[in-house]
Amino acid sequence: MEFDWLFFCEVTLAGLGSGALLALTALAFVLIYKATKVVNLAIGEMLMVGAYLFFSFAAGFGLPVWLAIPLALIGGGLLGAIVERTIIRPMLGESAISVFMVTIGLGSVLVGLVEIIWGAAPTQLPDFMGTTPLFIGDAYVSRKIAIGFAVASIVIAAFVLAFRFWRGGVALRATATDQGAAYSCGIDVPKVFSAAWIVAGVAAAGAGILVGAVGGISPTMGVFGLSALVVVIVGGLDSIAGALVGGLIVGLVEAWSGTFIGGEYKLLATFGLLILILMVRPYGLFGTVEIERL
Amino acid sequence: MTITRRQALAAGIAAGGLAAGIRPGLAQANEIVIAGSIPLTGVFAFAGIGINDGIADYVKLINEAGGVSGRKVRYVYEDTAYKVDQSVAVFNKLTGSNAANFYYSDSTGFAKTINPELNRKGSMIMAGASFATELNDAKAYPNQFIAGPDYSDMISVLLTYIAKTQPGAKIALVNSDTEFGRDPIATTEAMAKKLGLSIAEKIVTPPTSVDVSTEVLKLRRANPDYTIFHGYVLAPLPEFMTQAKQLGLKTKFMGTFWSMDNSLWAKVGEAANGFMGVMPYRYYFDEDAKAPMLAKIRQMRPEYVSTAYMQGFLTAMLFCEAGKRCLDAKQEMTATNLKAALNSIKDFDTGGLIGAPITITGNSIPVGRVYQYDAARKVMVGQGDWINVSKPS
């Protein structure tokens, strides 16, 4: 039987697109870890809150999309700020596992809040991406996925550049490397922590809007964050470029395995890849290798 | 006589213990208890809230009408968050402090887990939110039943409808990779073959998947006449349908009970137009036949109530009917007697909740009707008659 190259290309493009959505979520995860060394397991729930905020502004208050999106992003940033100031900062100095457990609890609280405020039923976001099919040559690409890919690529590229050249980005890198040294250089470390959570909240809200536009919203959509966890482990917990590369790799693996082996093998392939990466490169493809000497 | 503090304490403890011991006994004599593990939070909360309202409303109605053979009905429940361990804890707590005659279970996992304990107790029968084919086995699950068709029966209703509407049609199956989703796959293939329908594609989606582009591409190449989803509530069905329409696919999309709530599809908008599926019960707004019970529901609840509400309401109705038959026959309310009373239900009128008289010979009610969503009117519209898929005994 002749191999269907067009089909393969379409599946590959779909994989890259859904990988970009994963990468954007992973970005929020990486930003927090990079600055504060906190593994935030509530990132999926923060994403969910962003999607619900957009839903409220666009469908509830009937605001135009160009206004609803920035408002939802601001809301996401605000959530990040509140969480950092009221929950995470008091935990400074506590063991990593304690903070990790707090973020799990935070996830449950956010799900509960969403169920109280918006109800438990799944729903759809208002369509703001259009329905005209998109073709690259003869290959079909889902319009929403293509838009998601473009947004994720631009945002991640912007973050890579910001960390390289912007003062704030450099301050964040310095804090991540050595908090004591950063303090002594005059960097306001608590402010850097806040900034990281705010920016991560904005990124998560953006990812939530995109994920919600594709798959709908519900109080359980936070499980998407778990897929992003695989991405950050593959790409490297503290690497922004790793989030993008990891996202694209996981997206491709899921698309190819789901199509050519079967949907029931998607997770098996993804977690198989995770184990393989952990065996070969325990800090991920682009993560900082920590050398511990006894 | 002087009573010491120690004596007073002992007397208090004794009185308390006596009261606690007597209360269930009294309750058993004077009332009927429906207990429930209800998923009011968690992934199944959207249904649990409706189920809870449905049971509570039926209990209210029956009590206002004098109860069941003169006994008042009491409904006790606790939230389980749709977790089996929590559900088991709730079962132990509620059945330990109440002489429950009937129990509402929140999931297939719980129904299977608690089955040995339910049989050991022998004091109550159970139904619930699960329509799992496995539970439709009176030998393995003698004290349980399903207040509707099992998932395989639901697919049988759809396939019967397809075979009648478009003989020889090509079908694609899309199932979630969960116990719920995989449930009817084997029986669907066998049934399709029997009805002369062909399975053009089988797609399985992981429970965490958001994007369905690759699955839609598979569907495009299979080009089926009908696509049957099972194992989902809403997502990813709207995205599937939107992308399929973008690609010009003519396939008709169908679903099973938990995907059929009208309010869910009303939020999807135009993309929902034409979605079909099987419903074991009438919708809140159905007025095309004599349905006095629906009229009562509309009186109690002026706003739309979900399909889950109907499921809870009918389950409570069947619990009470089984209790009534048992008491009227002057039998003790044991699990065996209650189940036998339930199985004596023949050509029973549910007050229009189900559009055909029902007979419960085993563990299910294998009846359903195909409905189709009309986006312009924002309602599910019945297609054809109610279909009975009971197997010849």
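The backbone N, Cα and C atoms fix where each Cβ goes, glycine too.
No curator has checked TrEMBL annotations; they are predicted automatically.
What TrEMBL says about this one:
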type     : residues  : note
TRANSMEM : A:12-32   : transmembrane segment
TRANSMEM : A:39-59   : transmembrane segment
TRANSMEM : A:65-83   : transmembrane segment
TRANSMEM : A:95-121  : transmembrane segment
TRANSMEM : A:141-163 : transmembrane segment
TRANSMEM : A:196-217 : transmembrane segment
TRANSMEM : A:223-253 : transmembrane segment
TRANSMEM : A:265-284 : transmembrane segment
Which stretch from A:12-32, A:65-83, A:141-163, A:196-217, A:265-284 shares the most C-beta pairs under 8 Å with the transmembrane segment (A:39-59)?
A:196-217
Honestly, do the transmembrane segment (A:12-32) and the transmembrane segment (A:196-217) touch, with at least three Cβ pairs under 8 Å and pairs 6 or more apart in sequence?
yes
Segment-segment contact (the transmembrane segment (A:196-217); the transmembrane segment (A:65-83)) at 3 or more Cβ pairs under 8 Å:
yes
Looking at the stretches A:65-83, A:95-121, A:223-253, which one shares the most CB pairs under 8 Å with the transmembrane segment (A:141-163)?
A:223-253
